[in-house]
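Asks: Handing you a structure now.
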Amino acid sequence: MVEAQTWTTRRMSNPRLESTATADHQLLDIPATPTAEVRNGIYSVGSHLSPNLLTALIIASWFMSNIGVLLLNKYLLSFYGYRYPIFLTMLHMISCACYSYVAINFLEIVPRQHILSRKQFFKIFALSAIFCFSVVCGNTSLRYIPVSFNQAIGATTPFFTAIFAFLITCKKESAEVYCALLPVVFGIVLASNSEPLFNLFGFLVCVGSTAGRALKSVVQGILLTSEAEKLHSMNLLLYMAPMAAMILLPFTLYIEGNVARITLEKAKTDSFIVFLLVGNATVAYLVNLTNFLVTKHTSALTLQVLGNAKAAIAAFVSVMIFKNPVTVMGMAGFAVTIMGVVLYSEAKKRSKVTTH
């Protein structure tokens with residue numbers, strides 16, 4: 001005869017199998033439901049680190065990648081003699097596309113998002129074109145001007161952001177915000193007039209790069225406004241990078257010639273170029289990855305503050321490494337610009353508090 005068995009379920013306990021024929025109670029060993037990370041086989045890199053130590057390591061990685069890509073670009077384009085900034089930027093984009101695909105589809109650092117419509121595709125394509133312009137101009141400027149001067153000009157991004165926000169969206173800032181931008185501009189004028197290695201073309205393309213970076217942030221806020229079209233920064237990079245590489249391909253072929261063949265021939269006699277290009281492209285992706293990680297573990301405001309500090313540190317390190325001459329007036333102009341950026345950030349915070 002088969003013994004009758006019943007289930008008794010108790011809150012916060014495993015189900016117990018009770019037998020009516022025996023006094024013994026048998027416990028079923030039912031394992032706890034695994035977490036999403038365990039189910040997907042995902043384990044956090046910093047799971048065994050304290051939160052403070054993990055944040056410190058991420059910030060250190062952010063500094064190293066951001067300053068490293070600047071120094072590598074400068075060395076390649078100015079000192080090593082690799083004078084192909086468009087092709088170099090295309091390698092950056094291909095690298096970002098490949099690493100992003102692995103990070104999202106295999107490592108699953110963020111959930112995969114998809115392009116939902118042709119309209120959204122063209123919006124992202126427009127952002128890619130602006131992104132291309134900004135990065136190519138920035139890399140090109142490093143051929144002609146020192147990293148320290150490049151960073152001083154790059155610090156004026158808030159000035160161009162305010163201009164484009166007003167011209168495109170008619171968004172007006174408070175008088176305090178506009179006043180805070182005055183030392184930003186004054187500092188660059190001061191630094192430009194006293195820069196020993198000033199180059200007009202390098203200065204203009206660096207200004208173009210800075211303006212392009214500001215324009216991208218404003219246009220991105222306009223184009224990807226609906227919740228359905230908003231993409232995570234890492235997903236946006238996944239789609240923008242291959243588009244940017246395709247945009248740059250005809251330009252590098254037309255302007256720089258058969259640079260791929262030249263690079264391969266160079267690699268046959270000097271394998272160091274392979275290490276430089278692969279390392280440079282990898283660090284270019286790490287810049288985007290650490291931007292995301294810093295924002296995730298701290299805040300967007302912290303990233304902005306770190307950006308100001310990075311400009312000063314990158315300028316100092318580049319002077320130590322490349323020995324480019326600097327003047328007291330040039331350093332003073334750089335300091336005034338950074339001070340203006342800090343004042344601008346504080347004024348923006350206060351204006352947001354008063355509007356809310």
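Every residue, even glycine, has its Cβ placed from backbone N, Cα and C.
Annotated domain 'Sugar phosphate transporter' per TrEMBL: 56-345, in sequence order. Annotation comment: TrEMBL describes 53-72, 84-109, 121-142, 148-168, 175-191, 236-255, 271-294, 328-345 as transmembrane segment.
Buried or exposed, and what's around them? Tell me for each listed feature.
Replies: The list of residues near the transmembrane segment (84-109) in space but at least 6 beyond its ends in sequence, with Cβ under 8 angstroms from a Cβ of it, reads 40, 42, 73, 76-77, 132, 135-136, 139-140, 142-143, 234-235, 237-238, 241-242, 244-245, 248-249, 251-252, 255-256, 259-260, 262-263, 277, 280-282, 284-285, 288-289.
Tertiary neighbourhood of the transmembrane segment (121-142): same-chain residues 70, 73-74, 77-78, 85-86, 88-89, 92-93, 115, 150, 153-154, 202-203, 205-206, 208-210, 212-213, 215-216, 219-220, 223-224, 229, 231, 236, 239-240, 243-244, 247-248, 251, selected by CB-CB distance under 8 Å and a gap of 6+ residues from either end.
Long-range neighbours of the transmembrane segment (175-191) within the same chain, counting only residues 6 or more positions beyond its ends whose Cβ lies under 8 Å from a Cβ of the stretch, are 149, 152-153, 155-156, 158-159, 162, 329-330, 332-341, 343-344, 346-348, 350-351.
Within its own chain, the transmembrane segment (236-255) has Cβ neighbours under 8 Å at 84, 86-87, 89-90, 93-94, 96-97, 100-101, 104, 115, 124-125, 127-129, 131-132, 135-136, 224, 288, counting only residues six or more beyond its boundaries.
The list of residues near the transmembrane segment (271-294) in space but at least 6 beyond its ends in sequence, with Cβ under 8 angstroms from a Cβ of it, reads 58-59, 61-62, 65-66, 68-69, 72-73, 75-76, 80, 82, 88, 91-92, 94-96, 99-100, 103, 110, 233-234, 237, 263, 302-303, 306.
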Asks: With a Cβ cut-off under 8 Å, give me the same-chain residues at least six positions beyond the ends of the transmembrane segment (328-345) that come close to it.
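Replies: Same-chain contacts beyond the ends: 148-149, 151-152, 155-156, 158, 177, 180-196, 301, 304-305, 308, 311-312, 315.
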